[in-house]
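J.: As listed in TrEMBL for this protein:
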type: DOMAIN; residues: 29-300; note: domain 'Gcp-like'
type: BINDING; residues: 109, 113, 130, 294; note: divalent metal cation binding site
type: BINDING; residues: 130, 131, 132, 133, 134, 162, 177, 181, 266; note: substrate binding site
């Protein structure tokens, strides 16, 4: 039985998870939360990760009931992500691998999400919608690569939601996107916003600029409530994502959709995608916040797949890559 420990810290969450042949043995994490109206800076986030990483590592081992000798491989997030947090966690993973005398594996963060989603949902060969704070991509597997069929041409959908949350001073605890989702449930008035789909790609910077400017005027004049703006923003950006996902499904002849990434927890996005899938007689797969939000187990699972197919990362090659595209990785573990 192969046991892999995974270190994830590409953004404001640090997680360490342990996988044994498809079984999640432990998956603790910590989130760096800033005051309402503020984002998280790379240096402050890295400082947070340094302060808690050894505690989280101890938790992961204790929860799994394992000792370092039981671990076969150490996996870490190579990228994409924020430089300082990535370096912090990579250094810890490299040190642990050397102290324990274990092979090391650098994992693509996006592929970690996909492989975790495939493991938890048992989706066979889905069209993947990957939506998070830093990434928005529609992906399908073909000939040993995860091919990107469409993506954002500017900011990610999660970043769009997070930045709007700062504008109207929504709390970042547990996350701005979650709090927007709860407020949107109380919204009833739809405010028309820019809808920008360009072929298979989407753009969120225009809608963000528009709603940032319009929100001050509309809220101060009483034209609508903050809940209405949250509702309208969600409906518009999610409709854009459903459109490009359906187009990718049609191109690939796919009968499955898998939503991964932090924004994938959003129940309204799952509901809208579910309607589209029902109309196409397709199946929708999604996970809850334990596995769709950045976590260590997803890095461990992708590492498990890579390690079992014969991949390892030499120490001198164990750097981080802030811009590390999903389609750069050769998928050696799938037919």
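From the backbone N, Cα and C atoms, a Cβ is placed for every residue, glycine too.
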J.: If you count CB neighbours within 10 Å, which one among the binding-site residues 134, 177 has the smallest count?
T.: 134
J.: Please state how far apart, in Å and to a whole number, the two most distant Cα atoms are among 130, 131, 132, 133, 134, 162, 177, 181, 266, the recorded substrate-binding residues.
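T.: 18 Å is the greatest Cα spacing among the residues binding substrate.
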J.: Please identify, from the binding-site residues 109, 113, the residue with the sparsest Cβ neighbourhood, meaning fewest other Cβ atoms within 10 angstroms.
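T.: Comparing Cβ neighbour counts within 10 Å for the binding-site residues 109, 113 gives 109.
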J.: Which binding-site residues (132, 134, 177, 266) fall within 10 Å of residue 294 (divalent metal cation binding site) by Cα distance?
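T.: Checking Cα-Cα distances against residue 294 (divalent metal cation binding site), the binding-site residues within 10 Å turn out to be 132.
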J.: Do you know offhand how many angstrom separate residue 266 (substrate binding site) and residue 113 (divalent metal cation binding site) by C-alpha?
T.: 16
J.: Over the span of the domain 'Gcp-like' (29-300), how high is the average pLDDT in this prediction?
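T.: Across the domain 'Gcp-like' (29-300), the average pLDDT comes out at 97.
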J.: Under 8 Å between C-beta atoms and at least six apart in sequence, can you list the same-chain neighbours of residue 130 (divalent metal cation binding site), or say none if there are none?
T.: 110, 113, 114, 136, 137, 138, 139, 260, 261, 264, 326
J.: Just how many other Cβ atoms lie inside 10 Å of the Cβ on residue 266 (substrate binding site)?
T.: 25
J.: What's the CA to CA span in angstrom from residue 132 (substrate binding site) over to residue 109 (divalent metal cation binding site)?
T.: 11
J.: Using C-alpha atoms only, work out the spacing between residue 109 (divalent metal cation binding site) and residue 177 (substrate binding site) and round it to an integer in Å.
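T.: About 20 Å separate the Cα atoms of these two residues.
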J.: Specify all same-chain residues, apart from the site residues 109, 113, 130, 294, whose Cβ lies within 8 angstroms of the center of the Cβ atoms of the divalent metal cation site, ordered by sequence.
T.: 10, 110, 112, 114, 132, 135, 260, 261, 262, 298
